[in-house]
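Undergrad: I am attaching a structure below and will ask some questions about it afterwards.
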Amino acid sequence: MDMDEKFMREALDLAGKGLGKTSPNPVVGAVIVRDGRVIGRGYHQRAGENHAEINAINSATESVEGATMYVSLEPCSHYGKTPPCADKLIEMKFGRVVAAMEDPNPKVAGKGMEKLRAAGIQTETGVLKREAMKLNEVFLKFITTRTPFVHLKTAMSADGKIATSTGESRWISCEESRLETHSLRGIYAGIMAGVQTVIADDPELTCRKENCTNPLRIIVDSTLRIPLESKVLKNQDEAPTVIATTHRADEEKMKALSAMGIQLLMIPERNGRVNLRVLMETLGTHGVDSVLLEGGSTLNYSALEEGIVDKASIYIAPIIIGGAGAPSPVGGEGIHKLDMAYRLKDITCGSIGSDFKIEGYIDKEV
């Protein structure tokens with residue numbers, strides 16, 4: 001393996017430790033190397049705290065003068081909650097800096113590496129760029145569009161059903177798949193479901209893993225049909241809930257929900273439902289940079305049809321349910337011609353427990 005790739009891969013592994021903890025910042029890892037030896041490591045652990053480069057410098061076991069720093073994202077060159085990392089690298093007299101990718105933040109966008117080069121430091125960008133971009137897919141979307149990265153997650157039977165014809169759905173996926181879902185909930189800022197899912201399953205929509213931060217619970221409910229005793233309306237201190245609704249919302253229900261501390265987002269309609277594009281823009285203004293969509297067939301279709309979905313994870317259980325009336329992961333009107341189908345790209349496949357998992361990104365250029 002190329003030495004630059006070897007040490008950059010270690011930096012990426014370190015960066016991954018910050019997933020779900022650094023929002024609105026990216027996850028970043030850094031490794032300091034001299035003569036083929038790692039002499040310092042660090043990663044960005046939480047927004048507002050030291051960046052990865054500083055933590056790596058602070059961990060160094062010897063002088064870093066003349067050493068090489070491998071960092072998964074271009075060092076920042078502007079003042080934020082912390083001083084510019086590029087200035088610190090110049091001050092510490094690094095000999096070379098290798099970045100996996102340029103920072104898409106307009107405040108940086110190549111300026112960090114330019115500053116390093118102007119100070120006489122050798123630079124290189126693009127080592128394991130693809131892996132680095134995937135690791136920071138949430139940051140890349142949010143910093144450039146100010147709307148959340150949306151990840152659709154669904155579980156279905158081998159014949160494409162998410163429940164029986166009577167509505168029973170617990171549990172289609174295996175325990176390992178469900179544990180992975182809780183891990184996902186821990187790294188996304190919000191989790192979104194439709195009111196029909198709340199009525200049918202009464203889920204908590206929380207993360208049940210140890211040391212896991214609960215996401216913001218986002219319920220899409222155009223007329224406020226949500227039962228007041230629903231689990232998603234409880235424990236607001238630990239897992240807050242917002243409900244996206246429309247002008248058709250029941251006024252008495254609005255008063256009751258407000259009294260319970262539930263925030264209501266009044267969103268315009270689209271085809272008689274909550275306009276999901278406007279909802280994403282609204283969430284973005286509230287700093288929500290990522291949403292895990294755990295919707296039913298209606299909400300999933302609306303999300304795809306309105307073009308807000310960026311990524312999809314589909315868990316397939318080795319069971320056959322049958323039934324013409326049993327729902328599938330995506331309902332709605334559907335597409336009329338195969339060349340209009342929503343296509344996945346950059347696909348990965350594999351087994352998890354007794355299930356099979358397909359994951360990919362929505363090809364928005366088709």
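Any Cβ shown, glycine's included, is placed from N, Cα and C.
Straight from TrEMBL, here's the annotation block:
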- 2-124: domain 'CMP/dCMP-type deaminase' (DOMAIN)
- HIS51, CYS76, CYS85: Zn(2+) binding site (BINDING)
- GLU53: active site, proton donor (ACT_SITE)
- ALA155, SER169, TRP171, THR197, ASP201, SER222, GLY296, SER297, THR298, LEU299, ASN300, TYR301, SER302: NADP(+) binding site (BINDING)
- ARG185, LEU205, ARG208, GLU294: substrate binding site (BINDING)
Undergrad: Return the count of C-beta atoms lying within 10 angstroms of the C-beta of GLU53 (active site, proton donor), excluding that atom itself.
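TA: There are 29 such Cβ atoms around GLU53 (active site, proton donor).
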Undergrad: Which residues, in sequence order, are found in the same chain with Cβ within 8 Å of the centroid defined by the Cβ atoms of ARG185, LEU205, ARG208, GLU294 at the substrate site, excluding those residues themselves?
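TA: Once ARG185, LEU205, ARG208, GLU294 are set aside, the remaining close residues are THR181, HIS182, ILE191, PRO203, GLU204, THR206, CYS207, PRO215, LEU292.
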Undergrad: Which secondary structure state does DSSP assign to GLU294 (substrate binding site), in the simple three-class scheme?
TA: coil
Undergrad: Could you tell me how many residues in the domain 'CMP/dCMP-type deaminase' (2-124) are helical, how many are strand and how many are coil under DSSP?
TA: 37 helix, 24 strand, 62 coil
Undergrad: Looking only at C-alpha atoms, tell me how far LEU205 (substrate binding site) is from CYS85 (Zn(2+) binding site), rounded to the nearest Å.
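TA: Rounded to the nearest whole number, the Cα-Cα distance is 38 Å.
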Undergrad: Going by a 10 angstroms cut-off between Cβ atoms, which of the binding-site residues ASP201, GLU294 has the sparsest surroundings?
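TA: Selected from the binding-site residues ASP201, GLU294 on minimum Cβ neighbours within 10 Å: ASP201.
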Undergrad: Please report how many Å separate the Cα atom of ASP201 (NADP(+) binding site) from that of HIS51 (Zn(2+) binding site), as a whole number.
TA: 41
Undergrad: CB neighbours of ARG185 (substrate binding site) within 10 A?
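TA: Within a 10 Å radius of the Cβ of ARG185 (substrate binding site) lie 25 other Cβ atoms.
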Undergrad: Please tell me which one of the binding-site residues listed here (CYS85, ARG208, GLU294) sits closest to ASN300 (NADP(+) binding site), measuring Cα to Cα?
TA: GLU294
Undergrad: If H, G and I count as helix, E and B as strand, and all else as coil, what does DSSP give for TRP171 (NADP(+) binding site)?
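TA: Coil, per DSSP.
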Undergrad: Tell me, by DSSP, whether ASP201 (NADP(+) binding site) is helix, strand or coil?
TA: helix
